[in-house]
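Engineer: This is the structure I have questions about; it appears just below.
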Amino acid sequence: MCSTYGLLSFEFSDTAAMDPIFFSPTNGIPSESKLATYMNRQNVATPSGYGLNNGFSLLNLDSPLNKKSQVTPQSPEFIPTRLGSTPNFYAPYHNAPMQLSNGLNGVNGLTAAAAAAAAAAAAAAAAVPSSTSSASSASVTISKTANGGASMLALQKTASIASVTIAQQQPQHPQKQQQHPPSVGGGAVSAASAPIAISGAPPNPAAAPFVSSMSAQTPLKGRGAMMRQESPTAAMISGAGPGEKSPPHGMTPHGASPIPSALPTSVHQENVGGTIYFYPTANAQNSQPVVNSMVVDGTHPALHGVSAVAPMSAGVPAAMMYTGHVYPGPSSNVVTMQPKTLLESAFFMPDEMRAEVLARNEISNLIMDAAEAAQHALPLEVENYHALYPLEPPAQPLHAKLTFPATTYRATHNTTGYKYCLRRIHGFRLQSTKCMTLVEMWKKLQHTNVVQLREVFTTKAFGDNSLVLVYDYHPGSQTLLAKYFTPAPETNGYTDPFQGEARPFSHKSNMQRTSNGPLLPEATIWSIIMQLTAGLKAIHHAGLACKVLDPTKIIVTGKRVRFSSCCISDITQFDPNASNPLALVNMHQQDDLTALGRLVLALACRCLQSVQRDNVQSSIDMVTRNYSTDLRNFIVYLFTTNNRRSVTDLMPMIGARFYTQLDALQSKIDMQEDELAKEMENGRLYRILVKLNSINERPDFNLDCTWSETGDRYMLKLFRDYLFHSVTEDGRPWLDHAHIVQCLNKLDAGSIERVQLMSRDEQSVLIVSYAELKNCLENAFSELMSSAAN
């Protein structure tokens with residue numbers, strides 16, 4: 001049987017194109033290898049074309065290794081082409097259509113237009129009937145650019161110049177002629193035209209228009225200086241280790257994998273110089289086409305009528321053109337908000353945020369020791385809650401209007417495992433269940449400045465009749481009283497004789513340096529006012545009243561202010577004989593506004609005694625001297641009880657300060673979202689480390705004690721040493737976060753960049769690509785998963 005092969009040769013207008021390097025007789029392949037035998041067959045085109053010196057010549061171990069260019073941490077030069085993830089923890093990402101090209105935006109150094117034109121010319125030539133023995137002719141004009149790269153300047157079809165020769169052999173037995181599978185590009189050249197190198201070596205140049213090189217211009221190459229993907233920390237990070245400069249990365253079409261997971265039976269595999277080559281055998285006519293070292297489904301609807309080398313259309317959505325899942329670096333709008341500290345901030349959250357989160361986690365996980373448990377004598381379980389932990393000393397008075405002591409606990413729900421705050425009212429017996437109407441109204445109220453009520457029940461688990469109210473738990477919170485009205489510790493043994501309740505209000509010299517600290521900035525006071533009025537507005541619009549608006553029942557979590565202990569007064573002061581429980585709600589709402597004015601005045605003076613009846617006028621005069629007129633008018637309006645007031649009337653008094661508060665909140669959201677994206681990448685790298693450490697140094701697998709030291713696993717072991725155990729020239733450990741993160745990202749992306757791995761005895765040196773390492777990692781971990789499932 002004879003096969004029809006199309007022989008395509010380009011005639012360069014520049015004599016430099018005839019350099020012998022383009023016609024290497026051995027191509028860096030040993031003559032005794034099967035690959036050399038295959039390429040020397042008469043029915044295979046002679047290797048020629050641009051890019052050969054960038055391919056097989058790289059197998060020479062004597063060639064110098066270029067230093068890496070500066071790369072942004074967590075922003076490697078290779079952008080993976082996989083989009084989305086499945087619920088499976090170790091499941092790979094899916095591919096998305098990307099542009100197939102190499103470093104020159106084309107195929108084997110040609111531009112996209114030239115590649116498409118060459119493919120069209122070959123397709124037209126292939127359409128000539130097999131009975132015609134004359135060769136069709138076409139002219140492809142290629143010129144050399146200033147930098148030595150070939151660019152397509154013109155594509156001319158003429159009948160006189162036979163620059164492109166298509167040799168066709170007529171089969172001796174037409175009735176036995178085999179049907180060749182159509183190529184991806186629409187031409188008639190079989191997939192058996194050239195071997196394919198998985199590590200980035202170019203395929204047979206004779207099939208250049210039909211078999212794309214596995215190298216493409218990445219979106220990060222040549223990008224603008226102000227693009228979103230640019231990281232400001234790129235200038236601070238040097239090269240991440242030895243190795244050649246990263247060549248462009250190949251983009252794969254939809255439905256294709258950058259690493260062949262299942263090769264046709266007629267495709268031969270050979271490892272030459274650390275590079276795995278795949279090429280079809282003689283009976284590969286009906287096999288599945290192999291393009292760009294990947295198995296392409298010819299029946300995929302995305303490939304019908306689409307050329308494999310066609311450029312990306314301008315109509316393709318941006319989400320389809322850039323599908324990388326590697327952290328692109330911080331946003332330009334949050335760079336100025338991030339702390340200028342160590343380089344580690346490029347990988348991890350700031351120390352201040354980490355300390356705050358860790359402190360909250362530590363508070364949430366506190367447990368009592370034996371002495372504390374004996375002192376409090378808490379029950380093991382209360383209704384549906386267990387693991388009670390006291391948040392304040394026991395038997396603290398709840399409020400001046402209430403005579404029942406109260407205690408606050410943190411508890412864990414038995415079913416969900418969530419932590420809640422339990423407020424226990426000691427010795428309270430519920431007289432009527434009519435108050436549950438108000439409880440249901442409070443449970444429906446949801447606001448960011450109000451601690452939400454979840455549940456109310458009575459219990460005897462504490463040894464008495466107790467009322468328990470269940471609220472959301474906000475760890476690390478403190479009351480407004482503890483934050484702004486707690487006396488500061490005295491230094492050098494000095495004690496102010498006029499402090500606390502014993503200090504007369506006429507002691508003017510101490511008003512500027514109160515025992516509770518210096519006066520608060522006006523911006524802080526307005527921030528508290530806006531949050532309190534927002535929560536109070538939600539309460540009043542729900543037809544309820546707070547009733548306990550004082551510093552002991554307002555909590556502060558970071559910079560968030562919330563109303564707490566809501567609904568307690570509605571239960572403890574409920575009149576079962578009243579026909580309408582909401583009849584007096586308007587009066588209580590007016591009391592809330594007066595209490596808000598007293599609280600703001602106390603904050604401005606930083607003293608609780610400033611709101612006493614005899615001291616109010618002097619305190620307002622002090623506010624006039626130290627703060628703006630708007631704050632004074634705000635307080636005076638709340639103290640005026642002659643007219644009916646509304647919380648809505650307070651909004652114009654706040655004025656444009658609301659926009660300042662909104663801008664601060666949005667800036668904080670931007671920074672937190674950027675930190676979240678950073679930590680999400682850390683989780684992705686963690687999954688790669690889990691796979692590596694599950695394979696490396698495994699003592700036994702299926703009764704094979706040497707499983708982790710042989711085969712593909714040996715390369716993973718050497719890669720582990722290259723990743724974590726590198727040393728400097730003088731033998732000192734080389735600890736570089738950028739090196740570790742960058743290599744893990746390249747491994748996850750399946751980069752075609754090659755890395756030099758050396759054994760610990762320095763007797764073995766392997767040069768492999770990250771794509772091969774990823775293939776080894778996936779195969780080895782799949783073996784572990786299969787064995788664990790069985």
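Every residue gets a Cβ built from N, Cα and C, even glycine.
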Engineer: In Swiss-Prot, which of 383-421, 422-460, 539-577, 656-694 is tagged coiled coil?
Structural biologist: 656-694
Engineer: Looking at 60-84, 235-259, which one is region 'Disordered' according to Swiss-Prot?
Structural biologist: 235-259
Engineer: Kindly report the helix/strand/coil residue split of the region 'Knob domain' (695-790) according to DSSP, in that order.
Structural biologist: 50 helix, 14 strand, 32 coil
Engineer: Could you tell me which three-state DSSP class Ser477 (ATP binding site) falls into?
Structural biologist: coil
Engineer: Mind computing the max CA-CA distance among Arg423, Asp472, Tyr473, His474, Pro475, Gly476, Ser477, Gln478, Thr479, Thr552, Lys553, which the record assigns to ATP binding, rounded to whole Å?
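Structural biologist: Across Arg423, Asp472, Tyr473, His474, Pro475, Gly476, Ser477, Gln478, Thr479, Thr552, Lys553, the widest Cα separation comes out at 17 Å.
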Engineer: Any idea what the model's mean pLDDT is for the region 'Knob domain' (695-790)?
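Structural biologist: When the pLDDT values over the region 'Knob domain' (695-790) are averaged, the result is 89.
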Engineer: Let's check the environment of Ser477 (ATP binding site): how many other CB atoms sit within 10 Å of its CB?
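Structural biologist: For Ser477 (ATP binding site), the count of other Cβ atoms within 10 Å is 20.
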